[in-house]
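As written in TrEMBL, here are the features:
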type: SIGNAL; residues: 1-19; note: signal peptide
type: DISULFID; residues: Cys50-Cys112; note: disulfide bond
type: DOMAIN; residues: 50-72; note: domain 'Glycoside hydrolase family 19 catalytic'
type: ACT_SITE; residues: Glu94; note: active site, proton donor
type: DISULFID; residues: Cys124-Cys132; note: disulfide bond
type: DOMAIN; residues: 176-186; note: domain 'Glycoside hydrolase family 19 catalytic'
type: DISULFID; residues: Cys231-Cys263; note: disulfide bond
Amino acid sequence: MLKLCCLILLPLVSLSVSASRGRVQSEDISEIISRDLFNEMLKHRNDAACPAKGFYTYDAFIAATKSFGSFGTTGDIATRKREIAAFLGQTSHETTGGRARARDGPYTWGYCFSQDKGNSGDYCVANQQWPCSPGKKYYGRGPIQISYNYNYGLAGRAIGYNLLRNPDAVATDPVISFKTALWFWMTPQSRKPSCHSVITEQWTPSNADSDAGRELGYGVITNIINGGIECGKPTPSQVQDRIGFYKRYCDLLQVEYGNSLDCSNQSPFA
């Protein structure tokens, strides 16, 4: 699972990404992903074997997306579908309960966990702006497995909830949980574009990006999330898993995958 250990984010202008950054068709993605389709995509999330059984609901997902108005609403219908598939694909990998021989295949077992299985560490580092609250731990929680006190602080500021004081909310309140993942998805980092800008093709690679092999496509999103471990090498199992989820979701949404799905030829972002 992801450890957001080196995440440094640019200041947020507002919680909802401005519609001026792209062609926004609608602020409600339920016309693209219905309750039935959501349940089919995350088919086994409520299986008895999944510790997060009953946690990740369709209503919570839709409610959270309404705080990020450009998510799944930017661009033409194919772009909108690909963004939803990409978001659920990456986060399904982070929360997967599937194995190669899992029932219905490994890519039907996303969203099986709401918190890191190995959650013994406190993930607290010295930070004057985002100090740890006494006795609290900041291990991976939620769809993106947000980790470390400074990320909880930044995410909490963005969504209007004190996550430093109550980090457990990311694993107990499904709307907050989805919001932290969407916050990460929509927010550019100091040296990285946002996942949203990549999948909606609003990001223009710089000369340095091109020299590093980073080009528009799902693979750059993997690079943003965990490039230091997974990119610039023959495609490891983690990347194959991310791609597998994404392809399944694109198929269900009846949209093409796009180009550059892996990051084997990409240097990680500095």
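Note that Cβ sites are derived from N, Cα and C of the backbone, with glycine treated the same way.
Feature annotations (TrEMBL) mapped to structure.
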{"residue": "Cys50", "record": "disulfide bond", "contacts (Cβ under 8 Å, 6+ apart)": "His44, Gly97, Trp109, Tyr111, Cys112, Phe113"}
{"residue": "Cys124", "record": "disulfide bond", "contacts (Cβ under 8 Å, 6+ apart)": "Cys132, Lys136, Lys137, Tyr138, Tyr148, Asn149"}
{"residue": "Cys231", "record": "disulfide bond", "contacts (Cβ under 8 Å, 6+ apart)": "Gly219, Thr222, Asn223, Val239, Cys263, Ser264, Gln266, Ser267, Pro268"}
Contacting positions for the domain 'Glycoside hydrolase family 19 catalytic' (176-186) when only residues 6+ beyond its ends and CB under 8 Å are counted: 4, 7, 17, 55-56, 60-61, 63-65, 67-68, 70-71, 87, 91, 114, 141-144, 146, 154-155, 158-159, 161, 163, 169-170, 194-196
DSSP-derived helix, strand and coil totals, residue by residue, for the domain 'Glycoside hydrolase family 19 catalytic' (50-72): 8 helix, 0 strand, 15 coil
CB contacts for Cys132 (disulfide bond) [other CB atoms within 10 A, all chains]: 21
Residue among disulfide-bonded residues Cys112, Cys263 with least C-beta crowding, 10 angstrom cut-off: Cys112
Surrounding CB atoms that lie within 10 Å of the CB of Glu94 (active site, proton donor), all protein chains: 25
Mean per-residue pLDDT computed across the domain 'Glycoside hydrolase family 19 catalytic' (176-186): 98
